[in-house]
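Visitor: When I checked TrEMBL for this same protein, it listed these features:
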- 31-227: domain 'BPL/LPL catalytic' (DOMAIN)
- Arg76, Gly77, Gly78, Gln79, Val80, Thr81, Trp82, His83, Ala156, Leu157, Gly158, Gly169, Phe170, Ala171: substrate binding site (BINDING)
- Lys153: site 'Lowers pKa of active site Cys' (SITE)
- Cys187: active site, acyl-thioester intermediate (ACT_SITE)
Amino acid sequence: MRTILLRRLGSMEYGKCLALQMDLLARRVAGEVPDTLLLVEHPSVFTIGKRDTQNDILWTEAELKQRGTTVHKIDRGGQVTWHGPGQLVGYPIFNASELHAQLTGSPAGSKFSYWWVNRLQDVLMNTIRAHGIPKYGLTEDVGIWVGDDLDRKVAALGLQLRQGCSMHGFALNVNPDLTFYDGIVPCGLKDKGVTSIAREVARPDLTVDDVIPTVVREFEEVFQATVVNQPPEAPAAA
């Protein structure tokens, strides 16, 4: 059975984590490291994807400073989104084309990126179902939506593929302060709402740590793999 290396990063500043992703991606393309899943919470940050401009950030510089929120322009797909405490962010640094071939028996073709997005959406839908959200699904807008009309977004995805390997990933709202979304037009969608698992199931005590084991299990199921925790790095010698 294939192995996925799990690195639980706790809270990490976005720029530092982005540098880690880029390093791991280069090493994964070169075959130097196995498929690696980073799970992290970020301090409050708005990230702007390739399809967006700063226009979808509604807060002024003063308001951004007051709310302790930084802004990063990055090269993932999608538009503007928010990351912050109470939200579980996952970055699968995988050889996705190799996984596709192993799991489907077919080489990656022109529709390969859709397969990759759909598998990550499977992980997220299975996770929110396990935590008690009864009505969820997909719409024409990428992400996981809940409610009778599928009009509240609980998870977002923004991905990039290089030489068949992936970086960036997903953001699952577990129990964040949703008022941070007031500062943006999330993913460029003005007529849709955002929500969290905690809000939908009336669990104000729910934490990211409560949800991580479910996400890990679903990665194992969807990708037919064993997830192995990376041992803590040894402290540097004095």
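Every residue gets a Cβ built from N, Cα and C, even glycine.
Those TrEMBL annotations? Automatic predictions, nothing curated.
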Visitor: Can you see whether DSSP assigns Ala156 (substrate binding site) to helix, strand or coil?
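Guide: For Ala156 (substrate binding site) - judged by DSSP and reduced to three states - the answer is strand.
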Visitor: Give me the count of other Cβ atoms within 10 A of the Cβ belonging to Ala156 (substrate binding site).
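Guide: That number is 25.
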Visitor: How many whole Å apart are the CA atoms of Phe170 (substrate binding site) and Lys153 (site 'Lowers pKa of active site Cys')?
Guide: 12
Visitor: Could you tell me the C-alpha distance between Trp82 (substrate binding site) and Lys153 (site 'Lowers pKa of active site Cys') in angstrom, no decimals?
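Guide: About 12 Å separates the two Cα atoms.
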